[in-house]
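Working notes, structure below.
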Amino acid sequence: MTSEKPRKYSQKIVDGSAQAPSRSMLRAVGFNDDDFKKSQVGIASTWSMVTPCNMHINTLAEEVGKGVDSAGAKSVIYNTITVSDGISMGTEGMKYSLVSREVICDSIEAVSAGMGHDGIIAIGGCDKNMPGCLMGLARLNRPSIFVYGGTILPGENHTDIVSVFEAVGSYAAGDIPITQLEHIEKTAIPGAGSCGGMYTANTLASAIEALGMSMPNSSAQNAISQNKKQDCIDAGKAIVYLLEHDIKPSDIMTKKAFENAITLIITLGGSTNAVLHLIAMADAVGVEVTLDDFVRIGDKTPVIADLRPSGQYLMSELIEIGGIQPLMKRLLDAGMLHGDCMTVTGKTMAENLADVADYPAGQNIILPFDKPIKKDSHLVILAGNLAPEGAVSKITGKEGLRFTGNAKVYDSEEQGFAAIIDGQVVAGDVVVIRYEGPKGGPGMREMLSPTSAIMGKGLGNDVALITDGRFSGGSRGFVVGHVTPEAYEGGAIALVENGDSITIDAQSREMTLNITDEEMASRKQRWQQPAPKYTRGLLAKYARTVSSASTGAVTDKPS
């Protein structure tokens, strides 16, 4: 490389006699004289042995490094963190899950800005890795690529992690013996990779590919595969082109690119968490994405992927028929994607998809547009007097489109879960789990344990659940989350009392607490904000700085 442009940042760290101490330290980690003349590419690895989602990412980081080095740049691998949702679910530890998104983002910014990396490649596996990495890349706004760690293979008898959660409910209901629960526990997770359905990790990886920030089909590869290794090498080579042409996240992560991502995740039947995270990712790059965008795009976008949790197939089975590239080609040909959006290949979306073959005849995973699972979005944005600033539900229609029931109110996830397991929740109830929002939790925990218990008890079509917390991508049933304003801020969800009638109407997109305005005002006047649950440490700091879920639950908004 002769141009100084690809060394915009690293030259300040390593050039000139005054930087001899910097070069001396870098020589100790393997730099030679020629390396100081190359672009430096930080490789942000989320490797960790705390979860199978990330246990293999160290080897993927090495493959990325090979690609970077072979293309004439210098790779520098460093680590950031991960928190496993699946392991911490239903415990106090889950309060750190969404917080970890900010820690990942902040740490990528800190390391690559502090060390003068000219470009960055981030590799993620577990749910919060994806938005955390993208937010960090967007903040830095240096040539960047995201690499997905890949999906896990199915467990025995087509099981996955959600099978284990739902088996807990089935055991509590007396439908299966303890030996069957133990067998499912021991055979559902066969090795490395992210949770296998169209849960949060696979949803967000797909969204990032549609954004143009990962290589074609990066989101649809098994974690342990030659294709995933090649994806890493290809990303390492591609970053050099981005450096030479100064193509940055702000050139790729445009409003139209986010519209592409929203369109794709709706067709896939993706996780409600995508709403929160896409808003946050857009905010990091200075693009405004709101709940209204999900409504606008959702009105004209069908759900056509028969994938878990609402469907029957796993991501590994979608991979076998071609991944998401053929779906994106179908969407492009139907005029539903913006083909002129730039991507990390240096080509437009349309150019990347030009030669993609369609799915094989006879496959039943991706349905035709004229025979959708649902004719419009399953991600239903609700308003009404219970959620005047918005709430997010995932309703495919299998649960019905309207639910009216009487409230059973719980001020924590633990209380709600115990009540469900103990049989206190019955058909016709609306379970209200509150004070679990970004500030009130703090940390906006996912309610996979309660929703799985409801399904395992056989109440999936007879009980609704609403919360100011979140839902796992594996949650299913008549569920509404992200209720704003949250209870801790005095939102209407804080005013619900046991026995109140609540109506959730997906067609009118309203969630209504069926009491008079006068009664609502009276309850509001009596309400008092509870004391914060934490006064020091990470969760306390997070609660003081985090924004509303309707604006992405970000922590760096100007005060």
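Positions of Cβ are set from backbone N, Cα and C atoms, glycine also.
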Same-site residue for [2Fe-2S] cluster (record: Swiss-Prot; known: CYS53, CYS195; options: CYS126, CYS341): CYS126
Further Mg(2+) ligand in Swiss-Prot, beside ASP85, ASP127, LYS128, within candidate set GLU414, GLU436, GLU446: GLU446
[2Fe-2S] cluster site shell beyond CYS53, CYS126, CYS195, criterion: Cβ within 8 Å of Cβ centroid: THR51, PRO52, ASN54, SER84, ASP85, GLY86, GLY125, ASP127, ILE152, GLY193, SER194, ALA201
Candidates ASP127, LYS128, GLU446, SER472, namely the recorded positions, that fall within 10 Å of CYS195 ([2Fe-2S] cluster binding site) by Cα distance: ASP127
Cβ-based neighbourhood (8 Å from the centroid) of the Mg(2+) site, residues ASP85, ASP127, LYS128, GLU446 excluded: VAL83, SER97, LEU98, CYS126, THR200, ASN273, SER472
Three-state secondary structure, GLU446 (Mg(2+) binding site) (per DSSP): strand
Under 8 Å by Cβ from CYS53 ([2Fe-2S] cluster binding site), same chain, sequence gap 6 or more: THR82, SER84, GLY86, GLY125, CYS126, ASN129, GLY149, ILE152, ALA192, GLY193, SER194, CYS195, ALA201
Cα-Cα distance linking SER472 (active site, proton acceptor) and LYS128 (Mg(2+) binding site), given in Å to the nearest integer: 11
Between SER472 (active site, proton acceptor) and ASP127 (Mg(2+) binding site), the C-alpha gap once rounded to whole angstrom: 9
CB contacts for LYS128 (Mg(2+) binding site) [other CB atoms within 10 A, all chains]: 29
